[in-house]
């Protein structure tokens with residue numbers, strides 16, 4: 001029976017439907033359709049309606065902003081692909097990577113590096129997916145305001161297909177993730193704590209060798 005009302009008992013019977021059995025488990029997330037179909041998708045247009053422009057004007061915890069820099073900030077994705085999925089956003093409302101100033105590109109790159117360091121310290125992922133979707137056709141949910149994805153990955157957490165398919169099991173609540181990453185970011189950038197990514201450079205990107213950057 002494919003039409004009409006189908007209760008849990010009917011949908012649990014695999015032999016009622018066509019398909020080739022495999023060893024994969026399915027996580028059905030119909031609540032995400034309000035985003036996919038546009039009902040809960042934020043407007044994509046002017047700076048006045050852009051959520052990435054409005055977020056910095058409010059409270060960090062309410063907006064899930066983990067860290068602020070002078071030209072860019074790091075915020076948890078409201079629809080994460082994995083725990084700790086961050087978005088690095090310039091404050092300025094700009095759509096294309098080539099429209100960023102040199103200073104803004106440096107800020108986005110620096111925060112991306114810091115975010116990886118913080119996530120590694122907080123939850124020890126085995127790898128990362130990094131990327132910027134340029135344009136709606138390329139998969140950008142909010143194409144009018146550029147944002148860099150920092151997606152932590154763990155062995156056995158599936159492949160990158162859930163990112164494309166927009167369905168993923170996330171075992172940690174956003175509020176818990178925010179508190180963990182916020183505290184770790186503060187701890188790693190405290191004045192009395194220096195964590196080196198490369199010789200002479202702390203996680204804030206500051207040169208600690210006393211030499212002028214080239």
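Yeah, the Cβs are placed from backbone N, Cα and C, and that goes for glycine too.
According to TrEMBL, the feature domain 'HIT' maps to 51-160. As annotated by TrEMBL, substrate binding site applies to 77, 149. According to TrEMBL, the motif 'Histidine triad motif' annotation covers 145-149. The active site, tele-AMP-histidine intermediate annotation in TrEMBL covers 147.
Taking Cβ-Cβ distances under 8 Å and a sequence gap of 6 or more within the same chain, the neighbours of residue 147 (active site, tele-AMP-histidine intermediate) are 52, 87, 88, 89, 132. For the domain 'HIT' (51-160), the predicted model reports an average pLDDT of 92. Sequence-distant neighbours of residue 149 (substrate binding site): residues of the same chain at least 6 apart with a C-beta under 8 Å from its C-beta are 77, 85, 86, 87, 129, 130, 131, 132, 133.
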